[in-house]
Amino acid sequence: MAARYWDKLRDLSQKYKEYVIQNPTGATQLESGVRMLSYLIAGRFADSHELSELVYSSSNLLALLNDGILRKELLTPPPTEGSRRRLLTWLGVLESLEVFIEIGAARAWGERSRWAAILIIQLLKACLRIVLLFWYRVGIQSSPPVTPLDREGILNQAEDNSKSSSSCFVGRRSSRAVRSLNDSASSHRRFWRSPQIHEGKQQKNGETENDKEGSELGTLGTLAEAIHILRPITHLLSLAACGQKSWKPWMMAAALDITSISLLSDVRNLSRRERIELRRRMFLLLYYLLRSPFYNNYTETRLLLLLRLLGDYVPGLGLVARPLMDYLPVWQKIYFYNWG
């Protein structure tokens, strides 16, 4: 009985893989539909927030699954080795589920279980990132861990490769690629070199080796990235020691983030992906204005006043400002929205 259900599940899995490979656009629309459903559910009934977050997490997992299928089938060779890719994937799964696990644990077992779940998730994420940093030398680690696939670029690449392979043939003995007469340009527009079947493959995909591989950070750069990885653990431990109303956890976390960014800014020859991630971390320093206790003491009254003025006096902005005012208290209570 179990073997029969397993075979059916495997057949369904294979059919879904074939669907994603043949219809990448349809897979993208499916992900967008699930994500839109999460927005429609929010606020509709008593447990809508938990269900909405579950649906939203499912959309992220679906996108991760579909990207993995397309990478495996359409990219040759795969961008990274198998074990490293698996670690990045598990890290992506944790980041996709962390908010739902937090609010689910709080709903089912109370506040202590919520903080236990937060600590376990942060420990798992830190362990995975430390292994990636010191064992696989991935350099500055981005968020999300697995870069979303440029599906349009992959499809264009596959079409171009198909056209290129059909417009020339390769000699059996010489292994030289020769254009067919029908696809040869006129003499004044022709390049007199052999056609390159795989030319520009990485550039068309929008990724180069320099973008995909981590840079050599050196001792200070590695230390800075380790500080960034361990900052959530340090913050949680200081919260447990000093309490949630104390300024010490907030100041310690801010100091660690600023130190990490300052040291990484001195590292040269960063890849494009790493430079984007570093700019993202600089921007996220603004989040400290929305993190307690700074938010409770300074930002909250000013921000709510600004939103109220925008909603009352700027036509059309009330549709955005008023729901945002209602959602801010909920957002403040969820750790991974603020500190994740």
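For all residues, glycine too, the Cβ spot is worked out from N, Cα and C.
Lifted from Swiss-Prot, the feature list:
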type	residues	note
REGION	71-86	region 'Required for peroxisomal location'
REGION	196-215	region 'Disordered'
TOPO_DOM	1-89	topological domain 'Cytoplasmic'
TOPO_DOM	111-114	topological domain 'Peroxisomal'
TOPO_DOM	137-340	topological domain 'Cytoplasmic'
TRANSMEM	90-110	transmembrane segment
TRANSMEM	115-136	transmembrane segment
Quick one: average pLDDT across the topological domain 'Cytoplasmic' (137-340), no decimals.
80
Counting only residues 6+ away from its ends, which parts of the chain sit with a Cβ under 8 Å from the topological domain 'Peroxisomal' (111-114)?
102-103, 105, 335
Just to be sure I understand, if DSSP states are collapsed into helix, strand and coil, how many residues of the topological domain 'Cytoplasmic' (1-89) fall in each?
74 helix, 0 strand, 15 coil
